[in-house]
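Features as listed in Swiss-Prot:
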type	residues	note
ACT_SITE	ASP173	active site, proton acceptor
BINDING	LEU18, GLY19, ARG20, GLY21, GLY22, PHE23, SER24, VAL25, VAL26, LYS46	ATP binding site
DOMAIN	12-308	domain 'Protein kinase'
REGION	318-328	region 'Calmodulin-binding'
Amino acid sequence: MIQETRRLADEYEISEILGRGGFSVVRKGISRKSSSSSDKTDVAIKTLKRPFAPSNPPPLPPHARRNDQNSFAAAAFQTRKQVSISNVLLTNEILVMRKIVENVSPHPNVIDLYDVYEDENGVHLVLELCSGGELFDRIVKQERYSEVGAAAVVRQIAQGLAALHRSNIVHRDLKPENCLFLDNTVDSPLKIMDFGLSSVEEFTDPVVGLFGSIDYVSPEALSQGQVTSKSDMWALGVILYILLSGYPPFIAQSNRQKQQMIMAGEFSFYEKTWKGFLCQPKQLISSLLKVDPDKRPSAQELLDHPWVVGLSAREDQMDAEIVSRLQSFNARRKLRAAAIASVWTSSIFLRTKKLKSLLGSYDLKPDEIKNLSSHFKKICVKGDNATLSEFRLSCKRLIQLRLVSMSLRAEPARL
């Protein structure tokens with residue numbers, strides 16, 4: 001399927017960057033095949049960065065070029081490790097996307113792959129362009145948000161998962177930012193995307209299992225047990241919980257504590273938020289968040305559930321407080337995603353722990369986001385791009401302001 005005789009630039013005009021990851025960048029592309037502007041096809045081009053060959057490794061960071069042999073050895077090891085992981089993730093995503101093209105596409109709820117190119121810069125996946133925005137971005141902008149809308153989201157994700165699972169594909173990293181609307185229309189289909197961490201039967205490298213977003217990771221994945229299609233159903237249960245409450249089911253002051261809560265399936269519906277909901281959606285969440293994966297419903301079974309179908313989901317507008325919390329959660333998620341992507345592109349293994357300790361599990365309010373933006377503009381020497389030390393300084397300043405605010409209110413804050 002990989003085309004080595006054609007150049008990507010000959011087929012597509014490549015324009016703005018749509019997103020970045022630790023090992024990839026996504027740009028918008030416009031087909032050059034048609035002379036008519038109305039017939040031109042817009043696509044998303046995901047470039048998976050080619051890892052360096054062992055005989056031609058990337059340059060070591062400046063601090064490792066000194067005469068400190070321990071420092072040099074450690075940096076060399078981490079560099080080789082990063083190259084190895086990049087190679088695994090690149091190979092894995094191509095394998096999974098090929099399987100999707102063969103057995104799933106076209107599907108209204110799974111992103112479509114049009115073509116693949118390879119050159120000295122890496123492997124380029126030409127994908128269906130989803131211009132309707134991320135799942136939570138769309139929801140927080142809606143004038144009216146109800147259980148019916150949440151059920152429609154779950155239904156579309158379940159439809160996509162059912163098709164993937166029938167082909168023995170497990171997504172492994174299902175989360176809101178990996179669910180995008182195809183366009184800006186009201187009835188736009190919701191597409192599952194980003195299969196870099198997905199698995200195909202027994203053919204996936206074990207390294208892939210080391211990654212994933214902690215909020216959505218299943219107990220069996222945390223315990224390094226067998227990850228199956230039921231692991232995706234756990235993630236969907238977490239998404240549904242957030243859709244109906246505005247916050248995740250597992251909230252803790254540290255990742256270790258959060259992992260323990262996930263392993264024990266320790267969540268509740270005690271807060272006043274849940275008093276306005278009938279039993280059915282809560283029972284559905286409880287079934288999806290069973291610690292025993294065998295007790296969770298499959299995606300196909302979910303599509304027969306009365307609430308998911310929309311028969312028992314209520315049309316009443318949800319409390320404004322839920323939408324407000326969802327906005328805060330979404331803003332915090334974006335900040336952390338940008339921070340982690342920044343770390344992956346620099347000192348991936350050496351600095352992540354320090355950065356996570358700064359970010360914690362804080363729930364950013366609109367005024368805090370505005371303050372944080374202001375601090376970045378003051379602190380960043382080079383304008384838009386922050387160094388890690390500048391980022392650390394801004395986060396510390398945010399935490400200091402929050403502590404002052406908490407002391408003035410003289411009341412505990414939920415982290």
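Cβ coordinates are placed from backbone N, Cα and C, and glycine is handled just like the others.
The shown structure was predicted, so the numbers you read here are calculated from the model rather than taken from an experiment.
Features as recorded by Swiss-Prot, highlighted on the structure.
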| residue | record | DSSP class |
| --- | --- | --- |
| LEU18 | ATP binding site | strand |
| SER24 | ATP binding site | strand |
| ASP173 | active site, proton acceptor | coil |
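When each of the binding-site residues LEU18, VAL26 is scored by how many other Cβ atoms sit within 10 Å of its Cβ, LEU18 comes out lowest.
Within 10 Å of its Cβ, the residue among the recorded positions ARG20, SER24, ASP173 with the fewest other Cβ atoms is ARG20.
The CA atom of SER24 (ATP binding site) is located 16 Å away from the CA atom of the residue listed as 'active site, proton acceptor'. Helix first, then strand, then coil: DSSP counts for the region 'Calmodulin-binding' (318-328) stand at 9 helix, 0 strand, 2 coil. Here the C-alpha separation of ASP173 (active site, proton acceptor) and ARG20 (ATP binding site) works out to 16 Å.
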